[in-house]
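A short write-up of the structure that comes next.
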Amino acid sequence: MTRRGYLPILLVLAVLALLPFAVTSNVVLNFVVFVLIITLAAQGWNLLGGVGGQSSFGHAAFFGTGAYVSAILQVRFGINAWVATAVAVAAGAAVGWIIGFLSFRAGLRGSYFALVTLAFAEVLRILANAAGFTGGAAGLLMKLDVGFWNMQFTSRAAFLWLALGFVAVGLIVSQMIANSRFGAQLVAVRENEEAARALGVDVLSVKLKAITVSAALTAVAGCLYLQYFLYIDANIAYGLWISVEALLAPMVGGRGLVLGPIIGAFTLHGLGEASKLLAGRVPGIDLAAYGAVLILVVAFAPGGVLGLLRKLRFRSQPVAKTAEETA
Amino acid sequence: MYSLPIVAEAMLNGLLTGAVYALIALGLTLVYGVLHIINFAHGAFLTCAMFAVWLANTFLGLDPYLAILPLTLIFFAIGYAVQRFVIGPASHGDDGNILLITLGLSIVIENALLAGFRSDTRSLMTDYSFNVFEVGPLLISQARLFGFLGAVVVTGLLWLLLAATDTGKAIRAVAKEKLGARLVGINVSHVFAVTFGIGCATLAIAACLLMPTFYVNPRVGGAFVLVAFTIVVLGGMGSITGALIGGLFIGVVESLCGLFLGESLGQIGIFIIFILVLLFRPTGLFGARA
Amino acid sequence: MLEVKDITMRFGGLTAVGGASLKVDKGRIVGLIGPNGAGKTTLFAIIAGFLDPTAGRVIFEGSDITPLPAHERAKLGIARTFQIVQPFAGLDVRENIAVGAYLRHARAAEAHAKAEAVARRVGLGGDLDKQASSLTVAGRKRLELARALATEPKLLLLDEVLAGLNPSEIRDIVPVIRAIRDEGVTILMIEHVMQAVMNLCDEVYVLAQGKMIAQGTPREVCVDPHVVEAYLGKGAADRLRAEEASHA
Ligand SMILES: Nc1ncnc2c1ncn2[C@@H]1O[C@H](COP(=O)(O)OP(=O)(O)OP(=O)(O)O)[C@@H](O)[C@H]1O
Ligand SMILES: [Mg+2]
């Protein structure tokens, strides 16, 4: 029973892991690496916003903290990349816990929670943009020093596997949570807080746990972004763009589902690339398409891509099942 | 230390900016008060309106102040249509969905503008852009003073509209008791759309008042949107006088923070106020409405 | 087992409960009845920790639990159902009940097994895979009961679990409630269906306008003039008495 759900995860991971053997185009591999980084950020969002129903508009706060803490430790203190990443993820989790503690204790939900997270991310962005040790508006540039211990790779394939490894951890953690008591309580909190309380669920602590793990996952994405591009500034690390990416992917793929973020991230960025091909290199056209997709998903496919697939599968099955669906 | 005239000037400037902030927040708070939704696309609509002012001036030679009337009507129509035909049906009546849809709208609008106008910053050249009044030791920009007066007048008009007209009564009825309003025969989706239309119309006016002294680029609305949220939260969600007082207050805070903390940290005061109010006084400081 | 002492609850100017007390002994089914708006649900919410009373104390198994939050009380063994059913609409019946079962079973397999056992017991055995939102009214009431039971409570607070059911559905569920008591769960139930109250309860409290106006066996309470008055108004009660007198 608890093994449930791991097969599709293995399948998706296997396909992506084998990709570098089939495709050598750097453009494609770059695309996949970038989407995997987005996927990680989105997996974080999905745990809190999808499973737990607490939509955040400010996951940049965690992404940026991951990226900045790791960058500062490496650039200013010469600390090893892996150690820096570990510390940065812990810092991201801590920021998550603090934001969660303040907002959930104040009873913020729904739109209010979304806005307060956005404001926290903006405060961090302005601070990072103004402070000296973050490099101010010029940002932080990492030294190019390729090697496993520095978490820098010349081969795109190697970085793809690294990112995939982290995504795999994210998927497995999500699936474990989905199969666990904590997961059930988190879903209960999303569906009906009052009822959850009546059944002995400590709502505040469940939410805090969720935002902490969520922030940690998204902070990993920030660290990977740094290792891949070797440069960050406040608008990249704490910018609204990553908060939106982290939210969009699970919405499009299937909110609250383990595979939602990865499916959504690839669908969205696939669409983005397609719209660039169609419309030429017009700036903003891919993002405009994302916005439109978000509206369409909310309006017509609240279950996202996975929800649509499930519906199609039921439709092609004998009538009995469909009747039950519509009942 | 800062001398008194400098501080006074900063405060005065803050008040002038604050009035326009208030005007922008007005639409947001009205929509919140009636529809109980947070319109995340508010900033994007403002950007649209500012581009409209720029287009009308550049290609039709229309003075921004003269553009107020046509643009108000056009943006009322746009707002009406967006609520009636996009937000309403697409959200299935769920608050979380509405926030996501307006987020989607803001992304679409902002990036469509980016595709159409690129990221260049544009501004208007009117012959009065640099005119000033001298009051004692202080210089007051004429256009910004007009902006201030315009904002105050529009707030008054809006208040009158809500207090004294049939439309206003219907809007207030829906805001208070949606179901009851429906039962007495008010077309609720129509009232929602009208409210949303008014919200957009105030943005058109704000854009006309802003453009003589401000600039526009596809991202400019984003800078206003959190400010407007802050004002709305501060003034009490849904309160019109709250929005006016909150707007003036935030304008002054921003201006003083800019003076004391420098340009790059100037906006931080606003966000910190926003967070603190949400965490500790979510009903607002000035508005009494829960 | 449960003692409610002089509970007062004010909402602004409105006093929903004004100094009400009651006692529930272990192993009994105690009824709480009273006209609409008497404050019964409010009193339940206070016992279960959903509202902080303006004044008064709640004692459970000898210790004062007034300051404890709701989830702590659930851990101690107090479970409530909601008058307005609150299913986890997006989940199926098994998952709904499992949330309750997880309180005492950390492992998923155990919690699911427990959930299935409880579902069968309240007559939801065939609906385990149905979405909660697709259940009938009767089904949802059973689901409320099942979720509360799955927490393995010592004290079960049932808020009008029979309301909205038709007579045959009521006939089906009354023995279930009695069986729950026979297995050692103490029950305090709010109920308007008098036939069920007479049938099930060992003892009944009557709340009217926030005050406890009567207490006793169901039979005693039914003939108590205060109770009749509370339900029918003073005039009607007097008329009824006069009529009875003239019949005699
Ligand atoms: N959260 C609240 N805020 C303000 N008033 C409330 C609140 N909850 C209940 N009340 C009021 O308290 C009174 C008692 O309500 P309660 O729901 O406890 O009655 P009840 O006895 O359960 O009635 P019913 O038989 O209709 O369920 C009512 O007048 C109700 O309007
Ligand atoms: Mg009740």
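Even glycines carry a Cβ here, placed using N, Cα and C.
According to TrEMBL, the protein carries these features:
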- B:12-34: transmembrane segment (TRANSMEM)
- B:40-60: transmembrane segment (TRANSMEM)
- B:67-86: transmembrane segment (TRANSMEM)
- B:98-117: transmembrane segment (TRANSMEM)
- B:145-164: transmembrane segment (TRANSMEM)
- B:184-211: transmembrane segment (TRANSMEM)
- B:223-253: transmembrane segment (TRANSMEM)
- B:259-280: transmembrane segment (TRANSMEM)
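At the 8 Å Cβ cutoff, the transmembrane segment (B:12-34) and the transmembrane segment (B:67-86) share fewer than 3 close pairs (sequence separation 6 or more) and do not count as touching. Listed by sequence, the residues of this chain that lie at least six past the ends of the transmembrane segment (B:67-86) yet keep a Cβ under 8 A from its Cβ atoms are 35, 45, 48-49, 52-53, 56-57, 101, 105, 189-190, 192-201, 203-205, 207-208. Within the chain, the transmembrane segment (B:145-164) has long-range Cβ neighbours (under 8 A, six or more residues past its boundaries) at 15-16, 19-20, 22-23, 26, 30, 65, 133, 171-172, 198, 202, 205-206, 208-210, 212-213, 240-241, 243-244, 247. Counting same-chain residues at least six beyond the ends of the transmembrane segment (B:259-280), those with a Cβ under 8 angstroms from any Cβ of the stretch are 2, 6-7, 10, 226-227, 229-230, 233-234, 250, 253. Sequence-distant contacts of the transmembrane segment (B:184-211) (same chain, six or more residues past either end, CB-CB distance under 8 Å): 20, 23-24, 26-28, 30-31, 34-35, 39, 42, 45-46, 49-50, 52-54, 57, 64-65, 67-68, 71-84, 87-88, 123-124, 146-147, 150-151, 154, 158, 161, 167, 170-171, 173-174, 178.
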